[in-house]
Amino acid sequence: MFEKSTWIRLPRNVVVGHGVLDDAVEVVRDTHLTGRPLVVTSPTPKTVAAENVVAQFEAVGDDPAVVVVEEATFNSVERVLGEAEAVDPGYLVGVGGGKAIDIAKLASDHLNVGFVSVPTAASHDGIVSGRGSVPEGDTRHSVSAAPPLAVIADTGVIADAPWELTTAGCADIISNYTAVKDWRLANRLQHVPYSEYAGALSQMTAEMLVDNAANIKPELEESAWVVVKALVSSGVAMSIADSSRPASGSEHLFSHQLDRIAPGKALHGHQVGVGSILAEYLHSGQEGQWMAVRDALASLDAPTTADELGVADDEVLAALTSAHEIRDRYTILGGGISEVAAREAASRTGVI
């Protein structure tokens, strides 16, 4: 008897384009969210976008509350929950980059209220997904949560964000290429459940960005449009799979371990981009697609070497040889690779 079932949670509204920030109230109304909004933001996004959103809610009498978080930590989540206890919000609105959106996402999931994502930078696929990433000490936790009910991505705002944040988002998407390879490998060798649809969507998104990398330029709304659509596709793939597998493989394990060994040296997206070069070499060898991955990253001004990441060669090798210890997730790294193998991969690809 067939007993398989799935529950796919997706955003109800994804609004992308020029000037859509001004439609915040209309988008929220269309999702049927009611009550007092609690806007979660951080210092720079507060000026860039959150004040606009707050003014819109004030204009219609929704009496928005605002909490400004400095960093993405569980303490920040607790702070938002404390504010929520005081104001009794009907829903949360995360305005900013990774910090504010992840904090709002986790807090709204805990409160069991709706959440609206308003990204001010295209720095990672968390703007749409049901995953939140929160560092704690030298460890970064990937936490499951409900995806946003709505996403409002203003390409004008995102195009004006620091270019390095956009290149980090691009690198995060490009790394889906090796994440899907790791997922398929885990399915073959460990019988890990695999979704053909989610895998194909994630791989197509990565390949699209690799093919168009040379056309993505700073301060162009057309470029912001392409990157945001790719981030949305990646987030949807994770929701379909009910797993981060479509967008997180050995390259993410490498990045998380690098966070422990050399904390604060580089952006997450840039680290997984370099990790993807290494992972593709490990998957396919010298004749694989690692050069295409590297060249796409380079055309975006994203790092492709340890030096460009700001980390030492030995730190890259240490992260690569111990990345399998991060979590119980089968990838091309298996139970770990030797330092000799790690050095060969990093040297052949020019990472070190």
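Backbone N, Cα and C atoms are what each Cβ position is placed from, and that goes for glycine too.
These features come from Swiss-Prot:
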- G98, K99, A100, I101, D102, T120, A121, A122, S123, S129: NAD(+) binding site (BINDING)
- D125, D172, H256: substrate binding site (BINDING)
- D172, H252, H268: Zn(2+) binding site (BINDING)
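Looking only at the binding-site residues G98, A100, A121, D172, the one with its C-alpha closest to H268 (Zn(2+) binding site) is D172. Taking the Cα atom of each, G98 (NAD(+) binding site) and D172 (substrate binding site) are about 13 angstrom apart. Taking each Cβ in turn and tallying the other Cβ atoms within 10 Å, the top scorer among the binding-site residues H252, H256, H268 is H252. Closest by Cα distance to D125 (substrate binding site), from the binding-site residues A100, D102, H252, is D102. A separation of roughly 13 Å, to the nearest angstrom, links the Cα atoms of A121 (NAD(+) binding site) and D172 (substrate binding site).
DSSP classifies S123 (NAD(+) binding site) as coil under the three-state reduction. Excluding the listed site residues D125, D172, H256, the same chain places H124, G126, S133, S175, A247, S248, H252, S255, H268, G269, V272 with Cβ atoms within 8 Å of the centre of the substrate site Cβ atoms. Cα of D102 (NAD(+) binding site) to Cα of H252 (Zn(2+) binding site): a span of 17 Å. DSSP assigns H268 (Zn(2+) binding site) to a helical segment in the three-state reduction. S123 (NAD(+) binding site) has its Cα within 10 Å of the Cα of these binding-site residues: D172, taken from D172, H252, H256.
In this structure, the CA atom of A100 (NAD(+) binding site) is 20 Å away from the CA atom of H256 (substrate binding site).
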